[in-house]
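**Q** Annotation comment: Swiss-Prot describes E96 as active site, proton donor. Feature annotation from Swiss-Prot assigns active site to E127; the stated evidence is sequence analysis. Positions annotated as domain 'SIS' by Swiss-Prot, on the basis of sequence analysis: 68-231.
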Amino acid sequence: MTNLFEHINLHPSDDRGHLLTEQVNPKSECLDQLSTESLVTLFCEEDREPQRAVAAAIPELIQAVEAITDRLRSGGRLFYLGAGTSGRLGVLDAAECPPTFCSDPDLVQGVLAGGSSALLKSSEGLEDIEQAGQKDLQQRGFSSADCLVGIAAGGTTPYVKGGLAYAKEINALAIAISCVPIEQAELPCSIDIRLLTGPELLTGSTRLKAGTATKMALNILSTCAMVRLGKVFGNRMVDVAATNIKLMDRALRILHDLADVDRDRGSELLQASDGSVKVALLMHACGLDAEAAQKLLIEQNNQLRTALASCGNCIS
């Protein structure tokens, strides 16, 4: 039988009770005695805290979005690194980028302690191996051109600290996300995002408010960076990969809404453009064939708005 604790030093660990995420929430001290109605109401009320915590971190989020965008525009990649819930949230956000923005699967990557198997089966003990964070990044070819977002709700995860330290060491962009004040747990990074959601209703269960705030922050980082990279026109995902019926319908509606293209003509354009909404729009608006539209888009750094303007069209 495998010893799950063979890699752990079983001497008494540091007391983490001072960490904000480990403290007891006075609102829920009688949690097990509440009625179902009171339980649900309490959770709904407490889940207002993540939004407030994320709003308080707007300056750091702006800084992070701009820095990530600069790196991606220069050929770098974005990596999320975490263990447990934090790592799973990073994997989730990374996995959504290709279908939403037609980005290369390598552009945004989620790195989870324990690998893909840890998505379904908890491997939280692996977070205690500091060298593993660096090793996992190295195995993916992480370089000085890339960005790392290290996610550690309590700010003490050795796996994440090791990865962030390595990113700083090689002059990559190192961004930290945690849910405790900096004086409680410092992290090696250039941009430090603190989402202070407070003690959890279920003491120490950071999959709750801390996880919600983290998901919100990751949504902001990836989506805003993709907007800055020109993968959005207005509020439409014009780089959507039309890979199923739902997404094909969305692509057709985008063509109709932006250029008044009916569905039959839209289907023809999407077939000719190999499913690219941007190319289809340029074909229709500028009277180009697919090859010329693709060439124009490349010349304009994949920015649809400037490509349209260059052929005298001002779709808004």
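Cβ atoms are placed via backbone N, Cα and C, with glycine included.
For each feature listed, report its degree of burial, its nearest neighbours and the pertinent distances within the displayed model.
**A** E96 (active site, proton donor) has a Cβ environment of 16 other Cβ atoms inside 10 Å.
Its Cβ placed at the centre, E127 (active site) has 25 other Cβ atoms within 10 Å.
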**Q** Can you give the mean pLDDT for the domain 'SIS' (68-231), rounded to a whole number?
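**A** Across the domain 'SIS' (68-231), the average pLDDT comes out at 96.
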**Q** Can you give me the Cα-Cα distance between E127 (active site) and E96 (active site, proton donor) in Å, rounded to a whole number?
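**A** Cα-Cα, rounded: 24 Å.
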